[in-house]
Amino acid sequence: MDENKKRALSAALSQIEKQFGKGSVMRMGDRVIEAVEVIPTGSLMLDIALGIGGLPKGRVVEIYGPESSGKTTLTLQAIAECQKLGGTAAFIDAEHALDPIYAAKLGVNVDDLLLSQPDTGEQALEIADMLVRSSSVDIVVIDSVAALTPKAEIEGEMGDQLPGLQARLMSQALRKLTGNIKRSNTLVVFINQLRMKIGVMMPGQSPEVTTGGNALKFYASVRLDIRRIGAIKKGDEIIGNQTKIKVVKNKLAPPFKQVITEILYGEGISREGELIDMGVEAKLVDKAGAWYSYGDERIGQGKDNARGYLRDNPQVAIKLEAELREKFQPAEAPREAGETESE
């Protein structure tokens, strides 16, 4: 590219960033766009794929996928990580389906978790807004957008046609919420479901659509698509799901990265399984036939035994994780001269 074009592009990029904010346009090769506070997801693979080490605070995040794909599990693990760091978490259970026993198994301190089971969509979003405005809650999870039923629909008859009511509710709520979220530096996670568009027959066009209109797609800084792609077996018994998570949108680092991880029943995302898979990829763990070795030590025949070894020897798992983080996680981008900590 000649110098005139370079200067013109540089001026255009700086004008775009000035007008629309940092991260609104980026080169795909850029590793880290801005240093931002994050809450780890509980999945090392996903933290690295997100490019910033977790879910960004002060932003809206949408997690969507088919039923039983691991959406709520992922958010509960993020809540557990937030609590480990001394943060406060709130769960707005519009589906009225949260299982506190399962949440506790994933590491959530259910005694300290703020829980709301609202009657209407307006009530749910108003509670979320009040928690955000308090500036004392680190993460608010809303489960799910599909269950945010407008008051008019609840008070109406069963067969009433009320088109676009939920989409208008979401659009209005997000307009109100986003400024408060940024000011309070709270992470707000919306869980969403998928529906099928009727009559979509165009090649290459997906018939799947998320509920609640288009507003959330625009306001979300990060969108994650999570899907079950297979079963994990121990002999003939199915002990978990193999899950693919794709970063569909990311305003803070290059998007479209995807990871394949394991969600074990009653345990959540398998930290040890991820360490083994990433260790093999990074050539830190050697796989010869069915045997896995780390350093000079054999850690197990078959992945399940290797996973058990790391679980029984946490110091080995911590050492391997530290090496993997050093290898995979990008270092913080150096600040330019004159750039201040707070924008």
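Using N, Cα and C of the backbone, Cβ positions are placed for all residues, glycine too.
Listed features, source Swiss-Prot:
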- G65, P66, E67, S68, S69, G70, K71, T72: ATP binding site (BINDING)
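Sequence features annotated in Swiss-Prot and their locations in the structure.
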residue : record           : contacts (Cβ under 8 Å, 6+ apart)
G65     : ATP binding site : K71, L194, D225, I226, R227
P66     : ATP binding site : L194, R227, R228
E67     : ATP binding site : Q193
S68     : ATP binding site : R228
S69     : ATP binding site : I226, R227, R228, N241, T243
G70     : ATP binding site : I226, R228, N241, T243, I263, I269
T72     : ATP binding site : L98, D143, I191
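Listed in chain order, the extra residues whose Cβ falls within 8 Å of the Cβ center of the ATP site residues G65, P66, E67, S68, S69, G70, K71, T72 are I226, R227, R228. Using a 10 Å radius centred on the Cβ of K71 (ATP binding site) and all shown protein chains, the other Cβ atoms total 21. DSSP assigns G65 (ATP binding site) to a strand segment in the three-state reduction.
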